[in-house]
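Below is one structure, written out as structure tokens; comments come after it.
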Amino acid sequence: MLISNTYNQHFPQLTQEQLARNATKKVICGMSGGVDSSVSAFILQQQGYQVEGLFMKNWEEDDDTDYCTAAADLADAQAVCDKLGIKLHKINFAAEYWDNVFEHFLTEYKAGRTPNPDILCNKEIKFKAFLEYAAEDLGADYIATGHYVRRAGDNENAKLLRGLDPNKDQSYFLYTLSHKQVGQSLFPVGEIEKPIVRAIAEDLGLITAKKKDSTGICFIGERKFKDFLARYLPAQPGNIRTVDDEIIGRHDGLMYHTLGQRKGLGIGGLKNAGDEAWYVVDKDVENNELIVAQGHDHPRLFSKGLIASQLHWVDREPIRESLRCTVKTRYRQQDIPCVIEPIDDETIRVIFDEPQSAVTPGQSAVFYLGEVCLGGGIIAERI
């Protein structure tokens with residue numbers, strides 16, 4: 001039996017009764033080949049569960065094999081499972097990913113919006129396709145992932161909470177889950193901080209202990225986003241126009257730019273323009289024009305609120321009365337105090353206490369009451 005002193009210091013010792021109860025439950029742990037899922041599997045073992053791993057392949061390699069880490073990740077996942085003495089299953093969800101995540105991603109970019117495919121991947125793949133496969137084909141009572149979130153309550157009463165580590169909290173990416181999905185899922189590393197996760201992996205001598213966290217969109221990897229997108233969507237160059245209606249340059253394609261962007265606009269050397277940096281403040285999709293203004297505090301960068309649609313509430317009950325809470329309009333943002341005003345069951349108006357910069361249509365607005373993630377929706381427009 002592998003031993004980790006770090007684990008023993010940070011997790012309570014379970015009673016024999018708790019261990020015996022857990023021993024009747026089978027958990028399929030998603031193994032990505034990273035340190036978080038590796039340590040998650042170990043924690044579940046220590047808590048007495050019957051643990052098996054599952055490696056998901058969600059993207060078929062293309063010509064850029066340098067950028068696709070699937071083979072190396074699978075090898076790492078297998079090495080960890082061998083060390084822990086658990087079985088590793090493998091499944092290919094590439095077709096489901098293409099149909100339910102990637103095509104939506106392209107459609108949104110084509111429409112000039114900035115989607116978040118990781119949120120859609122969690123909704124359609126990790127907590128739908130994976131959950132169904134684990135339960136129906138592998139006989140799982142629960143699935144587990146290496147996400148930094150916590151769960152309170154069971155089954156019908158399950159709530160999604162922020163991860164204990166504020167620097168790693170991933171509840172923003174999981175707001176589309178229902179209370180039933182949360183109730184069927186375990187999040188072992190959500191109860192600890194990232195340095196402790198790495199320390200446990202070091203104690204165990206896991207191959208993933210020092211492995212760098214993956215960054216960026218999973219199907220793009222480390223390659224340049226612009227180069228990748230150009231392979232699937234033909235770029236449509238157009239004018240860069242100022243808020244004062246002056247054309248001052250050309251853009252390569254609206255899809256390559258996002259609200260609040262400062263770098264990479266190629267604007268410079270303009271007479272009477274001053275020294276302040278230029279920022280993207282809007283996209284005119286109809287005329288294929290990028291709208292820019294000078295200064296990080298330009299009024300056009302700010303919104304007093306937003307309209308959100310495609311709503312998902314974790315308890316699946318729509319909000320029908322005004323609610324004071326907090327919101328994040330992008331990952332790792334500080335919570336913004338706000339009031340939700342329902343328009344109908346599918347749409348809400350959100351008014352911030354103070355104007356916010358670079359609120360981006362296509363991104364998600366995720367709402368919180370203290371530690372509890374209530375759910376969220378897609379930003380349809382700025383106010």
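Heads up, the Cβ atoms here are built off N, Cα and C, so glycines get one too.
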Among Gly85, Gly112, Gly139, Gly146 - the residue Swiss-Prot places in the same ATP site as Gly30, Met31, Ser32, Gly33, Gly34, Val35, Asp36, Ser37, Met56:
Gly146
Whole-number Å only: compute the distance from the Cα of Gly34 (ATP binding site) to the Cα of Cys121 (disulfide bond).
17
Given the recorded positions Cys121, His147, Gln363, state which is nearest to Asp36 (ATP binding site) when distance is taken between Cα atoms.
His147
When you measure from the Cβ of Met56 (ATP binding site), how many other Cβ atoms are you left with inside 10 Å?
25
Taking the Cβ of Gly34 (ATP binding site) as the centre, how many other Cβ atoms fall within a 10 Å radius?
20
Just the number: how many Å between the Cα atoms of Gln363 (site 'Interaction with tRNA') and His147 (site 'Interaction with tRNA')?
20
DSSP-derived structure type at Met56 (ATP binding site), helix or strand or else coil:
strand
In whole Å, note down how far the CA of Cys121 (disulfide bond) lies from the CA of Gly30 (ATP binding site).
14
